[in-house]
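A.B. asks: A single structure is presented below for examination.
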Amino acid sequence: MLAKKQKMQETDTEQEATPHTIQARLVSDTGEEAGPPIDLPAGITTQQLGLICNALLKNEEATPYLFFVGEDEIKKSLEDTLDLASVDTENVIDIVYQPQAVFKVRPVTRCTSSMPGHAEAVVSLNFSPDGAHLASGSGDTTVRLWDLNTETPHFTCTGHKQWVLCVSWAPDGKRLASGCKAGSIIIWDPETGQQKGRPLSGHKKHINCLAWEPYHRDPECRKLASASGDGDCRIWDVKLGQCLMNIAGHTNAVTAVRWGGAGLIYTSSKDRTVKMWRAADGILCRTFSGHAHWVNNIALSTDYVLRTGPFHPVKDRSKSHLSLSTEELQESALKRYQAVCPDEVESLVSCSDDNTLYLWRNNQNKCVERMTGHQNVVNDVKYSPDVKLIASASFDKSVRLWRASDGQYMATFRGHVQAVYTVAWSADSRLIVSGSKDSTLKVWSVQTKKLAQELPGHADEVFGVDWAPDGSRVASGGKDKVIKLWAY
């Protein structure tokens, strides 16, 4: 009995010996130290850590941060996250801080308008870089440009002879390109709704995807890359209306194309590969192999920053950029690109009919991670604007969330009752919207890993979804021929 009592006293003193202060260092996710090691109380909260971090970094405006110890996020306080008994008081603990978006995008909760007009299914949707305009492509062979203030069509653009499969805004917002099932590409003037020059013809099959050269590489936005079912990727000068280059190398349909910020073009194909080309001369730089079936789509880590060019659509709402010269705008676009991709090493992720995704870096042939877990075809994949996360949409009715740095699985969002066709991110990287065959849109919260909002309203399958780059609204369209706008 005495021995037992002694033992209890010992454990009591052990508990008392648990450290009440912990030596810690605040380190950025790229490894830079915010300051020297400091003694922190074990009960310190994330709010208090935020104040210390902002003070150490001498931030003029308070930035919200996430904090991690190893893989574990500090949700409430340090002692909740750490196993205090096993903490070595001699050693300094690294607390990694990650800046979050300063602004918050509110979850869209209601349909603000239903815009009929198309006579066939709406196949593609794309907001302009500043979020002020919306373009849609439809099975009725037309492209429509919508005025988002009055929520009516500005222009109905006629010229294609077949289904319009993709629409893409130039990064300066002054041109719109559309590609159709017949293989022709038309450039439109969004101010007038008129064609600019002759259609760009040369492809022998349908156009699957279009990508413009980034603004910081050419503020004139003259060059456009197209991916076609004929197995080729072509580069066009839209001002001259000429094909500058035909990049042949895939042995089956090219499903997607991305124009990176470092002078490289990435293509995915039904030949099961992703290829990387030099934009200047069309030379093949790398072939990324690994998928066992068609590659349906690719996403680039720099997609959001390249889409929005010189300005951040939320932070730069003041429209001060209207007075800037082209050189200043180009400089601003380059700065934004370099902030996301300082060493020009872009990451890309490919999704396939083999139910997997692969994460690649443009400076190595071997994949960083084979991302498995989906039980069916993976149709769409997108990087979050802050490049921390990846979302994928699958025919297995789920959306999955992955860590962008190493492709590790994070969460599964279940709720759709049929195939998920497409996903889009909010500008603050906190929300994902998905569109499905089950006729609904769903908004998911990254923080809670749960459904944030159910958006029923379409009468049939949802093919296209886009979240405005300024976070203000979501647009969706599909088989019921109606475009719906959703807002808070």
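From the backbone N, Cα and C atoms, a Cβ is placed for every residue, glycine too.
According to Swiss-Prot, the record shows the following:
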REGION    1-22  region 'Disordered'
REGION    19-101  region 'Ubiquitin-like (UBL) domain'
REPEAT    117-156  repeat 'WD 1'
REPEAT    159-198  repeat 'WD 2'
REPEAT    202-246  repeat 'WD 3'
REPEAT    249-287  repeat 'WD 4'
REPEAT    329-370  repeat 'WD 5'
REPEAT    373-412  repeat 'WD 6'
REPEAT    415-454  repeat 'WD 7'
REPEAT    457-488  repeat 'WD 8'
A.B. asks: Of the residues in the repeat 'WD 6' (373-412), how many are helix, strand and coil by DSSP?
C.D. replies: 0 helix, 22 strand, 18 coil
A.B. asks: Using a Cβ-Cβ cut-off of under 8 Å, list the residues of the same chain that are 6+ residues beyond the ends of the repeat 'WD 8' (457-488) and lie near it.
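C.D. replies: For the repeat 'WD 8' (457-488), the nonlocal Cβ contacts are 103, 105-127, 129-131, 134, 136, 138, 144, 146, 148, 151, 304, 307-308, 313-314, 317, 421-428, 433-441.
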A.B. asks: Would you mind listing the long-range same-chain contacts of the repeat 'WD 1' (117-156), meaning Cβ under 8 Å and 6+ residues beyond its ends?
C.D. replies: 162-169, 171-173, 176, 178, 180, 186, 188, 190, 192-193, 307-309, 311, 313, 463-473, 475-483, 485
A.B. asks: Give the mean pLDDT for the repeat 'WD 1' (117-156) on the 0 to 100 scale.
C.D. replies: 89
